[in-house]
Amino acid sequence: WVAPAANILALIYTGAILGTKMVLSRIISALLMAFIVGLVMILIFERRPKESLLKAEAGGKSIISKKYLILIILILLSLLSPNYLVRSGPYWYKVLVWAFFTFVLIIYAFTNVPKEKINDWLKETWWFIRLIFPLLLLGVFIVGIIGKILPEEWIKAWLGGKSLSASFFATLIGAVSYFATMTEAPFVDTLMKLGMGKGPALALLLTGPGISLPNWLAIAKVFGVKKALAYIPTIIILGTLVGWFFGNFIF
């Protein structure tokens, strides 16, 4: 669940549109919710003996080598630095920061990563751009239309403030909707401009990408109906509580 709810690109986009506090809240709450969801699923369904768990842990190896860890850090710096290091001033300041870290990234990659890996990396990047960019443009276009159609009074009445009911309704919207990658941030930004509270906004950010009607069906088909019936209500309950808590005590 945490992969769609808190993937790197979505977090970067969230920070750029909704600010640092919202993206930090999204990271912390997504990790916390993932831990609780995993614990709930283990308590309900896990039946493996402790001996097998210990053997599995003992057989673990290093997940990633040092050079690739450095590469990932450089990628994150090139993506995050422009928005988080440059808070004001002309836009080309951000371009300069991005260009610097990207230049360092390119030099490091070509001197430490095999050529075959770089070719695979570029192919996957181009494939991802072709997949995501049209969906992102379409999502932003639809969000713009929604922002003009939805009455502001409706948003304030159902999603305004920081009540438990507002967070619950936002969670339900996320649970039955489908958001293409990164389109949830401009959608939430539009709703906040119409009067949506920050707590419900966080609840929608967490549940929108994480669960949807297509995901419900996929989870039930792959993992079984029983696990789906435990997983989905757990996400909805946790999303509601997290939105209420952050809305009342953090934002």
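FYI, residue positions are counted from 1 along the chain as it appears here.
Positions of Cβ are set from backbone N, Cα and C atoms, glycine also.
Summarising the annotation, TrEMBL assigns transmembrane segment to 23-45 (among others).
Among the features that TrEMBL reports, transmembrane segment is placed at 68-85 (among others).
Summarising the annotation, TrEMBL assigns transmembrane segment to 91-110 (among others).
TrEMBL lists 131-151 (among others) with the feature transmembrane segment.
Look at TrEMBL and you will find 163-181 (among others) tagged as transmembrane segment.
As annotated by TrEMBL, transmembrane segment applies to 202-223 (among others). Beyond the transmembrane segment (202-223), the same-chain residues lying 6 or more positions past its ends with a Cβ under 8 Å from any Cβ of the stretch are 1-2, 4-5, 7, 10, 14, 22, 25-26, 29-30, 33, 167-168, 170-171, 173-179, 181, 184-185, 187-188, 191, 231-232, 235-236, 239-240, 242-243, 246-247, 251.
Only residues 6 or more beyond the boundaries of the transmembrane segment (229-250), in the same chain, are considered here, and those with a CB under 8 A from a CB of the stretch are 1, 21, 25, 29, 32-33, 36-37, 40-41, 44-45, 161-164, 166-168, 170-172, 174-175, 197-204, 206-207, 210-211, 216, 219, 223. Annotation comment: TrEMBL describes 229-250 (among others) as transmembrane segment.
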Residue numbers, six or more beyond the limits of the transmembrane segment (91-110), whose CB comes under 8 Å of its CB atoms: 70-71, 74-75, 77-78, 81-83, 85, 118, 121
Surrounding residues of the transmembrane segment (68-85) on its own chain - C-beta under 8 Å, 6+ positions past either end: 8, 12, 15-16, 20, 94-95, 97-98, 101-102, 104-105, 108-109, 112-113
